[in-house]
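Feature annotations, courtesy of Swiss-Prot:
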type	residues	note
SIGNAL	1-23	signal peptide
DISULFID	CYS46-CYS78	disulfide bond
DISULFID	CYS128-CYS158	disulfide bond
ACT_SITE	ASP156	active site, nucleophile
CARBOHYD	ASN163	N-linked glycosylation site
CARBOHYD	ASN181	N-linked glycosylation site
BINDING	GLU226, TRP227, GLY228, GLN229, ALA230	substrate binding site
CARBOHYD	ASN237	N-linked glycosylation site
ACT_SITE	ASP248	active site, proton donor
Amino acid sequence: MSRFHLPLAAAVVLVSCLWSANALVRPDGVGKLPALGWNSWNAFGCDIDDAKIMTAAKEIVNLGLKDLGYEYINIDDCWSVKSGRDKTTKRIVPDPAKFPDGIAGVADRIHDLGLKVGIYSSAGLTTCAGYPASLGYEEIDAQTFAEWGIDYLKYDNCGVPSNWTDAYTFCVPDPGSASTNGTCPDNENPAPQGYDWSTSLTAQRHQRMRDALLGVEHTIFYSLCEWGQADVSAWGNATGNSWRMSGDITPSWDRIAAIANENSFLLNHVDFWGHSDPDMLEVGNGDLTLAENRAHFALWAAMKSPLIIGTALDGIDPAHLEILLNKYLIAFHQDPVIGRPAYPYKWGYSPDWTFDPAHPAEYWSGPSSTLDGTLVLMLNSEGSRQTRTAVWKEIPELKDALGRKGRRQTGFRVTDVWTGKDLGCVRDHYTVTLESHDVAALLVGKGC
């Protein structure tokens, strides 16, 4: 068992779990369910200030997103003075031109709205945009963030000095660095068989901040952003509340499909207290079609990934807002009784268990206590209109269901998750025609 600083040592425990070796469990419940919120980076990059952050916070409330559970307003990179830390206190200094009331002032106003606030740093000497980062200053920064009232830390992997670079290279099977079966044949520096990546320098850099956060009296959700490096799925759950499993997302279907494919092979690590993070949402960004926006959100929700909105909320397209406000998908995502995500039960376009960045698994299912039924997704990963059919006897949660006379149940009440329409008693299967890159989302309920 890891050793933690005394203030929270008795309040935070590492417990053995089926889905991972360990998990961070807090008595206040922070981190049990995947995070819901908003982040500044995908919308604004470095062009942030007090006004933009507060506008996002107010829109989370005004648009009804807060009512569904969206709660974190996260300030990403570029919030501090770039020239360096305070020479006396060694603290990171908020940029007074961007945040005249400091980060604490913003946090106070966000808290007044009934929301929580997040901040950004990196496990290196500088952030990805070249601002002061936290390696070597973990305890100072954790204490500073706690005093400011910070509730969430996104912790990146930039600015790493050579003496903190891993001895080996882990295979992150992103397109461009992997073969079609998810391996990295060109990796010239693989770890020896049986190597424990939780002892790697990447893991140690992130564990140092974990210990510092656990040493303060204020709970801070810890989001690891290490891009899937160093086999983070094996140690992320003992280090943070969520962990990035790949490189960055972009507002393009090719990238969204590739990340969904990659994450579909990592879902055995996901349950209460620990969530694999396929990066922030791009709903509302770029040239994604409405179908692609829907599929992106549905897959992220079904995988119980953090749902962190990444678009400007003032002036958001009503159709995109409707996606973010889908009460069925949020209810599945925030289930307080069932922690496991939906899993692929059939790949569809490709043979089962095929690692294909262009065509992720198309058929997904997962049980839900909040919906009192099973969530079923059918994806069209192809570039043209196609039909997809969900066959009840193929779905793990439904295939063994018994009717009143002990016979296999063949009919179920079905609801269209996108429209809320009751589709009635559907027997044996349900077929739908989908536009390119769209997804059908069904709630399959009681037998009939």
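Every residue, even glycine, has its Cβ placed from backbone N, Cα and C.
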Listed in sequence order, residues with CB under 8 A of GLY228 (substrate binding site) and six or more positions away: PHE170, VAL172, ASP174, ARG244, MET245, SER246, GLY247, GLU262
Spatial neighbours of TRP227 (substrate binding site) that are distant in sequence (at least 6 apart) but have CB under 8 A: ASN157, VAL172, ARG244, SER246, GLY247, ASP248
Additional residues surrounding substrate, by Cβ distance to the GLU226, TRP227, GLY228, GLN229, ALA230 centre under 8 Å: ASN157, PHE170, VAL172, THR202, VAL232, ARG244
Cα-to-Cα gap, CYS46 (disulfide bond) vs ALA230 (substrate binding site), nearest whole Å: 28
Set of same-chain residues at least 6 away whose C-beta sits under 8 angstroms from CYS78 (disulfide bond): GLY45, CYS46, ILE48, ASP95, LYS98, THR127, ALA129, TYR131
Recorded positions: CYS46, CYS128, ALA230 - member with fewest neighbouring CB atoms within 10 Å: CYS46
Cα-Cα distance linking ASN237 (N-linked glycosylation site) and ALA230 (substrate binding site), given in Å to the nearest integer: 13
